[in-house]
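Written out below as structure tokens is the structure these notes cover.
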Amino acid sequence: MRHPEHQYLDLLAQVLEKGDQRIDRTGVGTRALFGAMIRFDLSDGRVPILTTKRVYWKTAVKEMLWFLTGQTNIQALLKENVRIWSDWPLARYRKETGDSISQEDFEKRVVEDNAFATRWGDLGPVYGKQWRRWLGADGREYDQIAELVQTLKSNPASRRMLFHAWNPPELGAMALPPCHMVYQYHVTSSGKLNCILYQRSCDLLLGAAFNYAAASALQLMLAQQADLTPGEFIWFGGDVHLYLNHLDQAREQISRAPRPFPTMRLTRRPDSIDGYRISDFEVDGYEPHAAIKADVAV
């Protein structure tokens with residue numbers, strides 16, 4: 001049986017060979033395809049943490065747990081040594097103040113100075129805000145995650161089990177509009193929880209691996225809370241691209257042979273979706289190839 005990671009490697013190769021090349025918002029330039037799908041089966045306990053390069057899965061899961069808190073300030077992430085969101089507020093700070101502060105010093109100030117963090121560490125109404133506190137036209141805040149969990153428990157045959165973060169009136173205030181936009185869930189008659197993730201924009205070299213790991217972790221949490229078992233994770237990409245400064249790294253990754261996916265399990269069951277901690281996740285059998293370094297386009 002062909003290793004499921006080959007779906008990802010094949011997509012890398014397709015973008016390299018057939019992608020439409022153009023200059024993008026960041027100025028770096030991309031090679032892109034429009035429309036892609038990958039399916040992973042989580043029912044045997046194995047999760048798609050890519051093996052053809054080391055993926056720092058704890059960072060991805062910590063980010064997902066942060067989203068679930070509804071927070072939008074990077075201070076909490078930095079206290080967990082998660083630095084993947086620092087580029088955007090740092091760029092804003094440098095632009096607005098003219099200060100050429102280093103990223104290390106900027107992050108240190110965000111962690112240690114609450115007033116500075118409040119002024120410069122907030123990302124605007126990004127994922128967590130929309131997932132947990134979507135502001136309706138009636139002035140009420142809607143908790144999409146709580147509604148999803150309740151529906152999974154009370155009406156698992158529903159076709160309305162989804163949440164998303166694309167809130168047009170608030171897009172302009174976000175540091176970055178949502179890339180992984182829509183999560184939809186489906187429960188089979190045998191009690192398996194399936195997930196579709198639609199991602200409008202996918203940085204295929206850097207972003208996709210995190211999205212696969214984080215979405216799988218969320219699927220495990222939701223399944224546990226609703227007394228279900230994980231089923232399929234199905235990923236759809238809209239604009240699937242490689243930045244032009246990532247092409248050599250993509251070729252290196254394609255040259256590597258996949259190794260067995262690791263297993264992920266939850267070591268305890270919290271009372272609610274809000275109770276999970278990074279220590280609740282145990283990954284076994286992860287023996288990837290070496291990490292591949294690449295710069296983030298801001």
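Heads up, the Cβ atoms here are built off N, Cα and C, so glycines get one too.
Keep in mind the model is a prediction, meaning the values are calculated, not measured.
Record features, source Swiss-Prot:
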ACT_SITE  Cys179  active site, nucleophile
BINDING   Arg25, Arg159, Arg160, Arg200, Ser201, Cys202, Asp203, Asn211, His241, Leu242, Tyr243  dUMP binding site
BINDING   Asp203, Ala297  (6R)-5,10-methylene-5,6,7,8-tetrahydrofolate binding site
*Do you know offhand how many angstrom separate Arg25 (dUMP binding site) and Ala297 ((6R)-5,10-methylene-5,6,7,8-tetrahydrofolate binding site) by C-alpha?*
9
*List the residues of the same chain that sit at least 6 positions away from Asp203 (dUMP binding site) in sequence and have their Cβ under 8 Å from its Cβ, in sequence order, or write 'none'.*
Cys179, His241, Tyr243, Val296, Ala297
_Position of peak Cβ density within 10 Å, selected from the recorded positions Arg25, Cys179, His241, Tyr243, Ala297_ = His241
*Within 10 Å of the Cβ of Arg160 (dUMP binding site), how many other Cβ atoms can you find? Include all protein chains, please.*
10
*Would you count the other CB atoms within 10 A of the CB of Ser201 (dUMP binding site), including those on all shown protein chains?*
20
*Under DSSP, is Asp203 (dUMP binding site) helix, strand or coil?*
strand
*asked:* Under DSSP, is His241 (dUMP binding site) part of a helix or a strand, or is it coil?
replied: strand
